[in-house]
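Inspection log for the structure reproduced underneath, given as structure tokens.
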Amino acid sequence: MDFSFSFMQGIMGNTIQQPPQLIDSANIRQEDAFDNNSDIAEDGGQTPYEATLQQGFQYPATTEDLPPLTNGYPSSISVYETQTKYQSYNQYPNGSANGFGAVRNFSPTDYYHSEIPNTRPHEILEKPSPPQPPPPPSVPQTVIPKKTGSPEIKLKITKTIQNGRELFESSLCGDLLNEVQASEHTKSKHESRKEKRKKSNKHDSSRSEERKSHKIPKLEPEEQNRPNERVDTVSEKPREEPVLKEEAPVQPILSSVPTTEVSTGVKFQVGDLVWSKVGTYPWWPCMVSSDPQLEVHTKINTRGAREYHVQFFSNQPERAWVHEKRVREYKGHKQYEELLAEATKQASNHSEKQKIRKPRPQRERAQWDIGIAHAEKALKMTREERIEQYTFIYIDKQPEEALSQAKKSVASKTEVKKTRRPRSVLNTQPEQTNAGEVASSLSSTEIRRHSQRRHTSAEEEEPPPVKIAWKTAAARKSLPASITMHKGSLDLQKCNMSPVVKIEQVFALQNATGDGKFIDQFVYSTKGIGNKTEISVRGQDRLIISTPNQRNEKPTQSVSSPEATSGSTGSVEKKQQRRSIRTRSESEKSTEVVPKKKIKKEQVETVPQATVKTGLQKGASEISDSCKPLKKRSRASTDVEMTSSAYRDTSDSDSRGLSDLQVGFGKQVDSPSATADADVSDVQSMDSSLSRRGTGMSKKDTVCQICESSGDSLIPCEGECCKHFHLECLGLASLPDSKFICMECKTGQHPCFSCKVSGKDVKRCSVGACGKFYHEACVRKFPTAIFESKGFRCPQHCCSACSMEKDIHKASKGRMMRCLRCPVAYHSGDACIAAGSMLVSSYILICSNHSKRSSNSSAVNVGFCFVCARGLIVQDHSDPMFSSYAYKSHYLLNESNRAELMKLPMIPSSSASKKKCEKGGRLLCCESCPASFHPECLSIEMPEGCWNCNDCKAGKKLHYKQIVWVKLGNYRWWPAEICNPRSVPLNIQGLKHDLGDFPVFFFGSHDYYWVHQGRVFPYVEGDKSFAEGQTSINKTFKKALEEAAKRFQELKAQRESKEALEIEKNSRKPPPYKHIKANKVIGKVQIQVADLSEIPRCNCKPADENPCGLESECLNRMLQYECHPQVCPAGDRCQNQCFTKRLYPDAEIIKTERRGWGLRTKRSIKKGEFVNEYVGELIDEEECRLRIKRAHENSVTNFYMLTVTKDRIIDAGPKGNYSRFMNHSCNPNCETQKWTVNGDVRVGLFALCDIPAGMELTFNYNLDCLGNGRTECHCGADNCSGFLGVRPKSACASTNEEKAKNAKLKQKRRKIKTEPKQMHEDYCFQCGDGGELVMCDKKDCPKAYHLLCLNLTQPPYGKWECPWHQCDECSSAAVSFCEFCPHSFCKDHEKGALVPSALEGRLCCSEHDPMAPVSPEYWSKIKCKWESQDHGEEVKE
């Protein structure tokens, strides 16, 4: 029974789009390639082919002398028929790697038959050919096709037939005619290129005629009258060739069923893995594939060299023709170094070698790593599996769509085009499968033309080729968020997901619009796989096309895959690229069909400068909680690399984070196609809306408080609320003449932002631009609220997620995203924002607390207790928050095997104790999350009514990039990862979801679905133990557990690395504080100011050497009074004004080894000299206790409070000067003194001794210990007490302690007798001889051996036991020993192995005679050494 976990068919989707351009390595010259335009025939010599011509053959004067036959068959025989799935293709090949593509000179058929005419087998004629049309007027003599790309067809490759037989059997027949005619061509390459430039206008018009002449389908009359417009797609109905005036007739395109190539010299076949070198890009892993137009994988180019058609492994599906000398067999990623070494040897100079060895850019490296990951996976497959798994499937546009889009781009370069999209749902038929629409977009840099081409007539310019971008979930995850954002886009934008429509509806809509205005919204693509027909819908809402006027204008994005840059300056022959779709997965092969549910219709607005095509991907369906059985649904097969770090985390460390908003728009991205890959998601998807907004937005958001939407016509209230409103929301027709003040500000009845109750007893937040009002009782309920002397800072200025970590500094700094409806704020990043929040603007959101749960979306609780759960971890119930239980291990209970699983013991954590709890019992279930508890485990009684767990009460939320367990429908709890909405496929974004829902990526099945917090609980390390040893767990679930564990470790490593970087960054500078110069009064404390008459006057004279100095007899200095400049007789010369003048010696903040930050002097300080004043906030005792309490709650351990008097305390924590960094010491070099300065008491620090420069400044804190807790002191002084707040030891106490310590060392000793200890034998136990022996390390074993007897060359390493302790038969522990040799036996082998001997009955083995087990010489050899310990050894009593 298959329990594979899959939630929707094709949700991941294999649909990708071909990038808009191919590699065209025209600038890559192959030195050894054969050039038929510069061979020896130009010098008058004979070509190699001329020597092989049969005697009597004469070249025809014109092509009219040749019969209209090709390869011996009439032209009407369909020998080369386009495959069904390529029927919508135009017949233009993709060009060659040498820059001389067939499209420049030939039609595809002529090119194909001229280069490799032997690749199509001859067919037997079954019916005569119809009569040929009459030949048109004669044409000039045929000349060889040149690289100038002449538009006229000057050559027809045919085979001469004589008497119904081919005149030549050589496969080079098509080339012979070319080579002979090439010998007559005398123009140089430079002249032909010059002629090409002169005739460029003529080329454009004639090229369109040439292309029309080669089209099989019958065009509509209105299209036949437009010879200068390009026709890009082939329709299904053939037509007769129209005869164009003044143009040579062209034979119809011959078609045949595709066959394998049989030409010689082919080294690689379709499905082979190779390395290819294109341009300046590194060697890239590729797979040989068949060209979608020529249907061959190799060909001979115009220079006579072989080329292979390859498709590149990357997240950009690209392909190209590559020269055979630039292709190597792929044997593994380690081969890359060999290729570099080979290229380095071939380099001509040192600079080229350095260029080869230069490290690749990070953007290109990421793409290369993805390609290597694909190639390594493909290397393990067979050729057939690789072809099935990796071959591209190409889909093209209808000609009307390309033409209509091109017309729009030419008519209006900046005007926004809007097109409404029909909404309908396709009912799947048994023999048909929906094809997911490939999301496509258009970039202004991608659709530029390489030159300003104009026709000779005064008609419009030829529309440029329309590029179709591509999108997969894997590639989208590697794109930086700056791609999906647009500066200046301020409107809220919604995502419109186009459903798959019925074929009948498509044709009905197509026929209903005769003017072609609606036809560009549909794309038909028929895959030649069985009877499955794929029909997808594509719509276009906004389009801004900017066509640069200069040829040398550079694009704003760079490229990191090899195909994206070649041909970017493009030529006339740039062709429209095909969107590519990876081959169908295993799920597509299933004949079972999943019924579809209708998807809610939504409007869509796309971003300027990018057209975002949205649609459901292959087989996507929305499923409810009651999912279908797994065996009835086919699972979308996605690459395993989706779960690997190479695939999921190619971009920045936090690629899905909202912090990507800070990325500038001028930065480079991975590929040009990525520019068009702008993700569009529902407005309810918070991050996707944010991803479309740039850094150019104003910092202050403007959102209407009534309709909760942004806009430009918002009126600000001039009152205290700082709110904005729409005129229409206020019911006003025009702006008021005077300042606008809302009704709340007029009446003073502001509602509390927490409880929403209005009244005049509310208080405003102290932050000026906030404008929120609260009841004091309401705001005190939030731990993130900060109370100050002048009021409070509301919770919207502190991150709710960071506050859970008890880091108040981290929580209160940084950019915040605030909830519009409640006092909740988060930092703008995946690590903080609650999953399921909805973005309103760049700094305003609606958090997930406001989700409206329906009756069927309640929480699904687990069937076990989160605390005990059969041996789970017991919490410390003394913590009231009880916040860590959700991160402990859990049972995973399935409906079918719950009873069986409950019998199995859990694997307890080594760091926690077990709680014995009886089986079953009542469970207390949380209403908001799946948590369940036994009431006795929480030490509470069973409450009545609804109950929420402590985590939910505290506001703890799930975050993006978090591994969780998810319960969906009837399936078991499954490991998944919470995804940022903008990182999931577009069809997943379009699924119905509400506020509070977030997408999850299921491991193992690689499916997506929207869930809410009630069905999710966190995954913790070790959860995979639940599945070990269970026979009922299928392969998919085991794979999911492995992937979840791997991903969990990756995220854990990323988080630890980020934290380490943050710690390292914070260690570079001290913690933040506000530097002040004088004390700041807080609360009721006041600063005393004395009258001049009350200030004492000293007796110092101005004529003294140092008036009022350190060594003077200044009366004020002795009484610790500072002189006043208007009272002191010394006047300005007074040296007792250090506090007022702030005469501090130079000092610097330093980082100490164990005591944090410290202060060090830069110059020498004399004893008694003023060092600094201790300044900060002056608070009273009540405020001091509140701050200490708050510090303990937030785990703050550093205090800066210094008591001046009972009601005057200086707190230098939030504000202060350099004195706050002075550390404590039990033997300090500074002391605090209270001085009276202008009538107020202030604290100064003075030197206790002479302090040299470079020494740290310290003073004794003299702390009073609160409670039993003590802080360890690390001052390192000799008299250190060991703890802060404990008095240092005096000299007398230190002397007494030293004497007591020495007295303990003088212990009484007595002599004891010891038993003699037997040492090892001094002879070998094997042979009985002495010498250099190896002794056994086993306790009480005296045996020793020669190395030679042990068959060893050197002594064994470490602890060694001799062979006597191992059984001779099985090498297990021996229990019976032969006492005359090393033979021994275990319990299983001791029977009959040993017998008593005549020598005192000692056991001996079969190698000894029981009557005389040893020889007489044995006793003369034995010398046993007995040693004993010294009897005079002293031991401690």
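In case you wondered, yes, glycine gets a Cβ from its N, Cα and C as well.
Per Swiss-Prot, the residue from the list S451, S580, S655, S854 bearing the note phosphoserine is S655.
In Swiss-Prot, the annotation SUMO2 cross-link falls on K218, out of K218, K601, K810, K1317. Of the listed residues (S558, S585, S653, S1067), Swiss-Prot tags S585 with phosphoserine; the rest carry no such note in the record, though that does not show they lack it. Swiss-Prot records phosphoserine for one of S213, S457, S566, namely S457. Looking up the ranges 365-412, 701-748, 1085-1132 in Swiss-Prot, the one annotated as zinc finger turns out to be 701-748. In Swiss-Prot, the annotation SUMO2 cross-link falls on K502, out of K277, K502, K967, K1206. Residue-level annotations in Swiss-Prot identify, among S590, S634, S651, S913, S590 as phosphoserine. The domain 'SET' (1145-1262): residue composition by secondary structure is 17 helix, 52 strand, 49 coil, according to DSSP. When the alpha carbons of K1151 (SUMO2 cross-link) and K790 (N6-acetyllysine) are compared, the span between them is 34 angstrom.
The helix, strand and coil residue counts that DSSP assigns across the domain 'Post-SET' (1269-1285) are 0 helix, 2 strand, 15 coil. Secondary structure of the domain 'PWWP 2' (960-1022), assigned with DSSP and counted as helix (H, G, I), strand (E, B) and coil, comes to 10 helix, 21 strand, 32 coil. K1151 (SUMO2 cross-link) counts 12 other C-beta atoms within 10 Å of its own C-beta, drawing on all protein chains shown. The Cβ of K790 (N6-acetyllysine) lies under 8 Å from the Cβ of S766, each of which sits 6+ residues away along the same chain. Model confidence over the domain 'Post-SET' (1269-1285) stands at 78, taken as the mean pLDDT rounded to a whole number.
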